[in-house]
Amino acid sequence: MYKLIAIDMDGTLLNDHHEVTEEVRDALHAAKAEGVKIVLCTGRPIGGVQRYLDELNLIEEGDYVIAYNGALVQNTHTNEVVSELSLGYDDLTSLYDLSLELKTPMHFFDSSNLYTPNRDISEFTVYESYVTQVPLHFRKIDEVPKDILIPKVMFIDKPENLSRVITSIPKDVREKYTMVRSAPFFYEILHSEASKGNAVRQLAQLLGIEQAEVMCIGDNGNDLTMIEWAGCGVAMANAIPEVLEAANFQTRSNNEHGVAHAIHELVLAK
């Protein structure tokens, strides 16, 4: 019996209209009623998750969320931070210099805001702010507080340009950080120990749940570590090839209530 289900949001929990369908909502409630811990595990900031936590009633005592691709693990009932891994100002300045060298826009977060140092604001930065409902600000790098804590920096660009950028990142920079492509136009840069897999593992240990009792559901590159670590890794039908290959089970797409199908097949039917 699975005791913890960690679920990615965009492309997994949510359909392409950024909605939780009734079928998915009912399956989550049924699993929770059976005592299964439901944890949203997303690249989004907390502000971009909260309305879904409220909608799904994942804000009760003992409920948790994993945000910023594993850089933050937080109790949603008390807001107590279980784990937080951040980049600092020196990381920001070096990554900004790299973005200029590679000719790619970038943006970054603090605990509650999204910032861009690019005066010509990228359409993908605007999209990120809109989808996550996080306030967007233009901020020159030399105006950023030196004590800032940054959950993640993102290089953003058209998919073909971003692919070129990714292959051009120097090896020493790659080795210094966790880097994941979370969407065709998003490349995320985090603390070296931050990943969805590490965050799910840490939370399972905190809750006394064995690896074999954990199911993880996802679709994109930032989900790969948790899909590989889980006792049962579930790939959406719309997942990238690497996730499909790593998964133990393939469910339907995010527009076909895939999360509900996986829960019915692997949890509620047992």
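Each residue, glycine too, has its Cβ placed from N, Cα and C.
Among ASN75, ASN161, ASN222, the residue that Swiss-Prot places alongside MET9, THR42, GLY43, LYS196 at the phosphate binding site is ASN222. In this structure, the CA atom of GLY43 (phosphate binding site) is 8 Å away from the CA atom of ASP8 (active site, nucleophile). Nearest Cα neighbour of THR42 (phosphate binding site) among the listed recorded positions (ASP8, ASP10, ASP219): ASP8. DSSP assigns ASP219 (Mg(2+) binding site) to coil in the three-state reduction, outside any helix or strand.
Remark: ASP219 (Mg(2+) binding site) has ASP8, GLY11, THR12, ALA235, MET236, ASN238, ALA239, ILE240, VAL243, ASN254 as non-local neighbours, by Cβ distance under 8 Å and separation of at least 6 in sequence.
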